[in-house]
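Q: To start, I am sharing the structure in question, which I have written as structure tokens.
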Amino acid sequence: MKASAVIVAGGKGLRMKKKTRKQYLFLAGQPVLAITLKAFNQCQEINEIILVVPEDDLDFCRDHILSPLGLNKKIKLIPGGLERQNSVYNGLLAVNEPVAAIHDGVRPFIHPRQITATINQAAETGACILGIKAIDTLKQADEKNQVEQTLERKSIWLAQTPQTFQYDLILTAHQRAIKDKYTGTDDAALVERLGKKVTIIPGTVLNIKITSPQDLILAEAIHSAQSWQV
Ligand SMILES: Nc1ccn([C@@H]2O[C@H](COP(=O)(O)OP(=O)(O)OP(=O)(O)O)[C@@H](O)[C@H]2O)c(=O)n1
Ligand SMILES: C[C@](O)(CO)[C@H](O)COP(=O)(O)O
């Protein structure tokens, strides 16, 4: 099954507290976003890569991220929106395949095999995301950090990306969210609220989202431990 990748890198990276947006920060000598793009370029099922970046950065990304990489897939560069959900929607409008794999540009440690696994499952059942099972004990607390209860963790998963969907389903889910003025923190949530099933495939703890400064230290360590990364 052929799929489009929608790589969202249209954010400001405010939690990273750096002048340079986190998607362009260097990790082991190359921009974080470039490492992510290479993983999708290596995935056989991906027919086209739709890269969503801040509108102001379109020229920068064309000249300094995409040109030096010389990827061999069809690439579309699309301006992002105010929130992640808006950026995903802009990217989805450019999709030309029956399946779309949506991925955070700042999750560089995604393995091509895991992208393929989500594509195969989504092609069959409609929606598939990567996730990891909660390991720590889960506490629910009030606004003063006073524990209210200990949650049953065996059914709790932490959602990652890629989040991969049959195209018609994810487009409908986004359009319904726009109509209802609903904002979710991931794309699967928009599909769940349509009453559709989303399958979770176990990912790995290495597929981190680079969010705050300490993630960069972790990312350098992961990168040096990965033999499959180029
Ligand atoms: N308007 C936005 C906001 C986020 N993203 C992308 O969505 C992914 C996950 O979002 P997050 O880690 O929250 O990134 P930022 O919004 O950039 O970070 P922050 O919330 O710290 O500003 C990132 O690859 C980010 O670039 C996007 O494409 N468009
Ligand atoms: C989509 C996501 O990466 C799944 O873990 C996450 O929900 C994005 O959240 P953020 O608020 O943009 O950090």
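Just so it is clear, glycine is given a Cβ too, placed from its N, Cα and C backbone atoms.
These came from TrEMBL, pasted as-is:
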type : residues : note
SITE : R15      : site 'Transition state stabilizer'
SITE : K22      : site 'Transition state stabilizer'
SITE : R153     : site 'Positions MEP for the nucleophilic attack'
SITE : K209     : site 'Positions MEP for the nucleophilic attack'
Q: Using Cβ-Cβ distances, find the residues under 8 Å from R153 (site 'Positions MEP for the nucleophilic attack') that belong to the same chain and are at least 6 apart in sequence, listing them in sequence order.
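A: Same-chain residues close to R153 (site 'Positions MEP for the nucleophilic attack') (Cβ under 8 Å, separated by 6 or more) are A134, D136, T137, L138.
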Q: Measuring Cβ to any atom of ligand 2 with a strict under-6 Å cutoff, which of the recorded sites R15, K22, R153, K209 qualify?
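A: Result: K209.
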Q: If you count Cβ atoms within 10 Å of the Cβ of K209 (site 'Positions MEP for the nucleophilic attack'), leaving out that atom itself, what do you get?
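A: There are 15 such Cβ atoms around K209 (site 'Positions MEP for the nucleophilic attack').
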Q: Hey, what's the Cβ neighbour count for K22 (site 'Transition state stabilizer') at 10 Å?
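A: Excluding its own Cβ, K22 (site 'Transition state stabilizer') sees 27 Cβ atoms within 10 Å.
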Q: Which of the three DSSP-derived classes (helix, strand, coil) applies to K22 (site 'Transition state stabilizer')?
A: helix
Q: Once the chains shown are all counted, how many other Cβ atoms turn up within 10 Å of the Cβ of R15 (site 'Transition state stabilizer')?
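A: There are 13 such Cβ atoms around R15 (site 'Transition state stabilizer').
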Q: Report, in whole Å, the straight Cα-to-Cα distance of K22 (site 'Transition state stabilizer') from R15 (site 'Transition state stabilizer').
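A: So the Cα of K22 (site 'Transition state stabilizer') lies 9 Å away from that of R15 (site 'Transition state stabilizer').
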Q: Can you tell me the three-state DSSP label for R153 (site 'Positions MEP for the nucleophilic attack')?
A: coil
Q: According to DSSP, does R15 (site 'Transition state stabilizer') fall in a helix, a strand, or coil?
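A: SS state of R15 (site 'Transition state stabilizer') = helix.
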Q: State the Cα to Cα distance, in Å, between K22 (site 'Transition state stabilizer') and K209 (site 'Positions MEP for the nucleophilic attack'), rounded to an integer.
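A: Cα to Cα, K22 (site 'Transition state stabilizer') and K209 (site 'Positions MEP for the nucleophilic attack') are separated by 11 Å.
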